[in-house]
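*Asks:* Here's a structure for you.
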Amino acid sequence: GGVGRCIYNCMNSGGGLNFIQCKTMCY
């Protein structure tokens, strides 16, 4: 779904966010 893609994009955007931060943002 879109959440997995959001997390992947978030973690690879160069913003330095970790998985937990990205998961919180993407949900």
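From the backbone N, Cα and C atoms, a Cβ is placed for every residue, glycine too.
Pulled these from Swiss-Prot:
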- Cys6-Cys26: disulfide bond (DISULFID)
- Cys10-Cys22: disulfide bond (DISULFID)
*Asks:* Rounded to an integer, what is the Cα-Cα distance in Å between Cys10 (disulfide bond) and Cys26 (disulfide bond)?
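*Replies:* Rounded to the nearest whole number, the Cα-Cα distance is 8 Å.
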*Asks:* Tally every other Cβ atom lying within 10 Å of the Cβ atom of Cys10 (disulfide bond).
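*Replies:* Total other Cβ atoms inside 10 Å, all chains included: 18.
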*Asks:* Using Cα coordinates, what distance in whole Å links Cys22 (disulfide bond) and Cys6 (disulfide bond)?
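*Replies:* Each residue's Cα considered, Cys22 (disulfide bond) and Cys6 (disulfide bond) end up 8 Å apart.
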*Asks:* Far apart in sequence but close in space: which same-chain residues, 6 or more away, have a Cβ under 8 Å from Cys26 (disulfide bond)?
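*Replies:* Listed in sequence order, they are Val3, Cys6, Ile7, Cys10.
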*Asks:* Given the disulfide-bonded residues Cys6, Cys22, and counting only Cβ atoms in the protein chains shown, which has the most within 10 Å of its Cβ?
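*Replies:* Of Cys6, Cys22, the one with the most crowded Cβ is Cys22.
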